[in-house]
Structure formats: structure tokens, C-alpha cells
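Novice: Have a look at this one.
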Amino acid sequence: MSLYHETAAIVTSPSSHGGSLKSRIYGNKDLKSPPAQVYALAFESSKWSAVLKEVVESSQLLQHERKLTPALSILLVHDLLLAKKGIALPASHGLRISVEKHKARLQSEFTRARIRRKCPTLEALKAAVDAQLGPPHPRWIRVNSLKSTVDGQLDSTFKGFEMVATVQEVMASASTGKKVICLDAHIPNLIAASPGVDFTKTEAYQAGAIILQDKASCFPAYLLDPRPEHGDIVDACSAPGNKTTHLAGILHERGFAQGQRILAFEKDKHRAKTLEKMVRTAGSEKVTVIHPGADFLKTDPNAPEFRSVGALLLDPSCSGSGIVGRDDTPEFHLPSATASSSSNSSSKSSSKAALNGAANAKNLKRKRQSPPPQTVLVDDDGKETVVSSEKALQARLEALASFQLKILLHALAFSAATRVTYSTCSTHAAENEKVVRRALRSPVARSGGWRVLRRDEQPRGLREWPVRGDPEALLNDDDAGDRNDCDKDEVITEACVRADREDGRGVMGFFVAAFVRDKGPHCDGGEMDDGDNDGPYVRDAQGRIVRDENGIPTLKATGRKAVIEVETNGGAAVELRFGQGEDENGDGPFERDAEGRIVRDGNGIPRLKGGRLAVDLGSEELNEGSSEGEGGDEDEWGGFDD
């Protein structure tokens with residue numbers, strides 16, 4: 001079997017093009033073994049190689065088995081001691097026999113290595129090894145409100161987990177082996193769980209009741225703050241679907257307006273299939289219209305089908321420099337092939353030859369120039385671009401920023417839109433703050449009355465998020481030009497939201513900003529065309545929707561409250577509400593507890609601030625009853641993780 005030989009060749013050979021371990025393996029068309037198997041063996045063996053190096057050297061395995069190479073010894077000993085099924089070779093295979101006959105000695109040295117690290121159990125040693133890879137990010141789990149509730153998951157999926165107060169305590173559990181969780185303080189329905197815990201086999205994950213999604217990846221939908229009065233919502237770059245389904249979950253809690261849809265665009269047809277599966281599994285297929293193979297940039301913002309689009313979420317391709325786990329492969333430690341004991345006569349006689357060989361190798365190194373340092377940009381589609389100089393890096397970032405600005409300006413051109421979020425998983429200001437400022441100073445934004453959503457206007461969780469835009473990003477920027485109150489640098493940077501993967505908050509590197517336009521004077525002094533863009537609700541002189549004490553808007557066409565009373569089979573009146581709106585705190589019309597969570601009755605129905613219950617029948621026909629995601633289990637869910 002070629003698995004071990006092929007993996008040994010990969011872990012001991014430098015990349016010929018500077019790519020990540022995964023790209024080198026999956027891009028190797030000459031592999032005979034399954035790429036997934038090779039990658040798993042290479043990564044796990046690299047992670048454990050510092051420990052296994054001690055085990056191999058202390059047991060003198062390479063001195064007893066001359067046919068083994070240092071790399072092969074690490075790979076085989078890893079599977080012998082740590083793989084559930086042991087060495088993946090036939091029992092009669094020579095490599096397997098050569099290692100297994102030293103099993104007792106290897107296990108003994110492995111135990112000594114664990115004790116030296118002061119780890120009382122194998123689980124503790126595993127946690128210590130994982131901790132050496134860098135800051136242990138928690139496992140972020142978003143509870144899908146379309147199918148479940150936080151309370152329901154606490155009683156099922158997370159039963160037996162210890163509840164802690166902070167994310168830092170969750171991250172610290174990596175070194176203790178404890179299973180702990182923390183309810184996130186910024187994003188509703190988000191839970192941080194101990195690193196390394198596998199949720200992909202749980203019933204909730206398979207059913208789409210929980211979704212693995214990094215906290216920072218939840219920022220765009222939460223900042224967009226979609227509401228029934230916003231009309232149709234566009235997700236311009238949708239696959240794999242985490243943000244698309246998050247939008248659906250937020251609107252589900254507030255109540256979809258009649259006919260309101262989420263329009264999901266994905267120009268890659270293969271990725272569109274992934275999107276379709278996730279939307280179906282999450283239970284949002286009835287309110288999501290997927291445009292497979294459709295390029296958002298080729299849509300006509302003024303087309304009749306987009307006349308009701310009031311909010312857009314943009315998460316275009318970027319450099320991917322903020323994603324956790326990219327190019328973070330551990331070093332592969334090789335054991336020494338010589339015995340650690342004193343040299344015998346035969347080793348002395350060969351020492352001169354060894355010294356001569358080392359000298360020759362040294363001379364060869366002097367003649368060979370070191371390759372220039374390379375940076376690998378991996379976009380969110382997994383595509384790699386190698387840049388070998390700072391100049392090449394800047395050129396690549398400028399190309400990305402140009403595309404990102406184009407898609408942002410296209411979104412701002414939708415006539416009925418009043419809210420747009422722009423996000424990247426990049427740490428580069430060229431793709432972030434600079435794109436935002438260029439957009440604000442564009443004719444499209446100025447003529448349309450667009451401005452940034454200021455920090456004090458943002459939903460509470462992101463108002464309180466401490467990491468803001470980089471104030472130095474816009475200094476010495478060539479894109480100067482006239483300024484007004486809407487696009488002052490300090491306003492922009494404070495409105496921008498950043499996440500840093502190295503700051504101890506357990507998130508990936510990320511950036512998001514929101515654009516809004518108000519009814520009334522433009523920033524440049526113009527007036528917006530009021531036309532029919534106010535939507536179906538009555539507004540006051542300041543352009544705010546008029547609501548009653550329960551937060552219910554008044555329909556412009558009838559002058560009546562946007563409430564329909566119907567009778568259920570039992571004869572009881574049920575209220576179908578449209579347009580749940582925000583109050584001065586931005587919390588919406590529902591009662592909330594001290595932690596900001598919506599208060600619900602025993603059936604999960606939210607309670608309005610006036611004390612009455614709101615019944616959300618979604619976008620289903622009234623005679624179809626409640627839509628609880630029926631049919632969502634047609635296919636087994638594999639799931640996706642940002």
C-alpha cells in the first residue's frame with residue numbers, strides 16, 4: 001500500500017509552489033491513495049511528531065529496523081499508538097511487522113513522554129498537543145431558529161456540558177479536557193463550545209437544528225438586521241449558505257411579511273448545489289429563491305423582479321487572510337537515525353565520510369540561493385494565488401479591491417434598497433476600510449444618499465463589540481477628495497467592525513460595515529425621491545414607520561393595523577402580524593430578559609412588549625398550518641463550517 005510512502009514524501013519535501021499542505025495534497029494528481037486519507041495522516045502525524053520523535057529515538061526503533069526511514073517511523077508509530085484502527089496495512093506486510101514487534105517498548109516510551117509533559121491521561125496529552133497549534137478557538141455553534149431554540153439545545157445536544165461565563169473559559173478548556181459552553185454575549189442564538197468537540201455526528205447537526213459557523217461570520221446578517229418592512233433580501237454571494245440561512249432565521253423570529261423572500265445568488269453551479277442542500281436542511285427552502293449559476297453583477301437593479309429588494313448582504317471573494325486554519329500546518333519533526341549511545345568502532349570509521357558529506361552539502365547550500373519568501377492568498381473559494389513580493393501582493397489586493405468595490409456599487413444601485421452590508425474574511429485594509437470609503441465617495445452613493453451605519457445605530461451586540469475599524473488604514477491614502485459629514489475618516493472607522501483571530505476572543509479575522517440611506521436630505525444636500533420607496537406602511541415627518549404600542553405598523557393602503565385575525569379549527573382568534581419593527585433600543589417589539597433574549601411562552605411564542613403573544617405563521621398559507629421544516633430530512637446532512 002502506497003499511503004505511508006506517499007505521505008512520507010509529502011511531509012519531507014518542501015512545496016514546489018508555496019501552497020498549503022491541503023492544496024499540495026489535493027492538487028497532486030499522481031497520488032494513488034485517497035487525498036483525504038493522506039491529508040489526515042500528514043496533518044495528525046505532524047501535530048504529534050514532536051512527541052513521537054522522542055518515542056522513536058528513546059526506543060531506538062530506527063537502529064533496530066534499518067529499512068525504516070525517519071519519516072516512515074513517525075507515520076507508522078502514530079497509527080500504531082493513536083489511530084483507532086491501527087496501522088492501515090495487512091497484518092503480513094513487512095512495514096507493519098517491523099513496527100508492531102516493538103509495540104511494548106514504543107507504548108512504554110509513549111507513556112514516559114506523557115508523564116514528562118505532566119499529563120495524567122491520554123486525553124490531557126491530546127489537549128496539550130492541540131494547544132501547541134496556537135490559540136485554541138472555540139467551536140462556534142449557531143442554533144437555527146427555524147428548527148430549534150437555545151433552550152431546546154441546552155436540554156439535548158449540550159446536556160452534560162458545563163456552562164461558563166466567558167469565551168476565554170471555553171478556550172481554556174482545551175488544556176483540561178472539560179466540555180464547557182458559553183452563551184455568546186453579542187450574537188443571539190450563538191454558543192461557544194470547547195475546542196475539539198465533534199458535533200457533526202449529533203442528531204441536531206444532521207437535522208440542521210444547529211449550524212457550525214464562526215462568530216465573526218454571523219456579523220453580516222446580524223448587522224444587516226433584516227425586517228419584514230425591508231421587502232426581499234438579497235444574498236449576493238451565497239454559498240455555502242451559512243449567512244443565507246442566518247438571514248432566514250432572523251426573519252423567522254420576527255415574522256416574514258407576506259410574500260417576502262430571500263434571493264440567493266451563486267454563480268458557481270457546483271457551489272450552488274451545496275447552497276441548495278444547506279438551505280433545504282436548514283428548513284428555509286420555502287422562503288429562499290436560489291439563483292444557481294447566476295452572477296449578481298449581471299443583474300439589472302431596476303428590473304421588475306428586484307423592485308421590492310430593500311436590503312442586500314455582500315460577502316464577495318477576498319484574500320481570505322483572516323480565516324483560521326489557513327496554512328497553519330504544524331512542523332514535521334524527524335527523529336535522528338543514529339543511536340544516542342556512545343559510538344562504536346564502526347561508527348568511528350565512518351565519521352570522516354559523514355563529515356565530508358556534511359561539508360559537501362554545506363557547499364551546495366552556499367551555491368544555491370534561497371528562494372524568495374512567498375505569500376499564499378487563499379480566497380474563500382479555496383483558490384490559491386502565490387505572491388512572491390510585496391509589490392505582487394499589493395497588485396493582487398488592488399485587483400480584489402477593484403472587484404469588491406464594483407459589486408458594492410452595484411448593490412447600492414438597487415432603487416428600493418435602504419440597507420447593505422459589505423464583509424470580507426480579510427485583514428487587509430485595502431479590501432476593507434478603503435473599499436468602504438471609496439464607495440461612499442462614489443457618484444452612486446452620493447446621488448443615492450448612502451452613508452455608513454454609525455456605531456450608535458447598530459444592533460446592540462455590535463454596538464458593544466470593541467474591535468472597530470483601523471484608524472491608520474485611511475491615513476496616507478491616495479483616494480482623498482472632498483469630504484462631508486457622512487464620510488469623515490473617524491466616522492467610517494468607528495462604524496466599521498473588525499475581528500482579529502489573534503486577540504484572544506476566539507474568532508476568525510473578519511471585517512464588516514453597513515450602508516444605509518435615510519428618507520430625507522442627502523448628505524450632499526439633495527432630496528431623495530420619496531416615490532413609492534416608503535413601502536406599504538405609514539411614516540411620520542421624519543420618515544419613521546408609525547407603530548402602535550405593540551410595535552405594529554399601519555398599512556398605507558387601508559389605514560388599518562397590519563394585523564389579520566383568523567380563526568383556528570378550535571375557533572380561537574389568532575393574530576398574523578406583519579412588520580415587527582424596532583424601538584428606540586433596536587431590540588424589536590418583543591420582551592427580553594436580562595441577557596437580551598426574547599421571552600417566550602411554553603410553546604415558544606414570543607411575548608410582545610405590550611404583554612400579548614405574537615403568533616408567527618411565516619409565509620405559509622393560513623390553511624397549511626405551521627411550517628416546522630417538514631420534509632427537511634430528505635437527505636442526510638453533511639453540513640458546512642465557515
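Cβ coordinates come from backbone N, Cα and C, glycine included.
Relevant sequence annotations retrieved from TrEMBL are reproduced here:
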type     : residues                                             : note
ACT_SITE : C425                                                 : active site, nucleophile
BINDING  : C237, S238, A239, P240, G241, N242, K243, E266, D315 : S-adenosyl-L-methionine binding site
COMPBIAS : 336-362                                              : compositional bias 'Low complexity'
DOMAIN   : 129-518                                              : domain 'SAM-dependent MTase RsmB/NOP-type'
Novice: In angstrom units, rounded to an integer, how far apart are the Cα atoms of the residue listed as 'active site, nucleophile' and D315 (S-adenosyl-L-methionine binding site)?
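Specialist: Their Cα atoms are separated by 8 Å.
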Novice: Using a 10 Å cut-off, grab the number of neighbouring Cβ atoms around the Cβ of C237 (S-adenosyl-L-methionine binding site), all chains included.
Specialist: 23
Novice: Counting across all protein chains shown, how many other Cβ atoms sit within 10 Å of the Cβ of D315 (S-adenosyl-L-methionine binding site)?
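Specialist: I count 23 other Cβ atoms within 10 Å of it.
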Novice: Let me know how many other Cβ atoms fall within 10 Å of the Cβ of G241 (S-adenosyl-L-methionine binding site).
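Specialist: So the Cβ neighbour count for G241 (S-adenosyl-L-methionine binding site) comes to 28.
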Novice: For the S-adenosyl-L-methionine site given as C237, S238, A239, P240, G241, N242, K243, E266, D315, which other residues of the same chain have their Cβ within 8 Å of the site's Cβ centre?
Specialist: D235, T244, A264, R271, L275
Novice: Give me the mean pLDDT over the domain 'SAM-dependent MTase RsmB/NOP-type' (129-518), rounded to a whole number.
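Specialist: Per the prediction, mean pLDDT sits at 86 for the domain 'SAM-dependent MTase RsmB/NOP-type' (129-518).
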Novice: Enter the number of other CB atoms within 10 angstroms of the CB of the residue listed as 'active site, nucleophile'.
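Specialist: Result for the residue listed as 'active site, nucleophile': 28 neighbouring Cβ atoms inside 10 Å.
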Novice: Non-local Cβ contacts of A239 (S-adenosyl-L-methionine binding site) (under 8 Å, 6 or more apart, same chain)?
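Specialist: Same-chain residues close to A239 (S-adenosyl-L-methionine binding site) (Cβ under 8 Å, separated by 6 or more) are E266, D268, R271, A272, T274, L275.
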Novice: Can you name the residues of this chain that are 6 or more positions from K243 (S-adenosyl-L-methionine binding site) yet have a C-beta less than 8 Å from its C-beta?
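Specialist: Looking at Cβ-Cβ distances below 8 Å from K243 (S-adenosyl-L-methionine binding site), excluding near sequence neighbours, one finds S217, P220, A221, D235, L313, D315.
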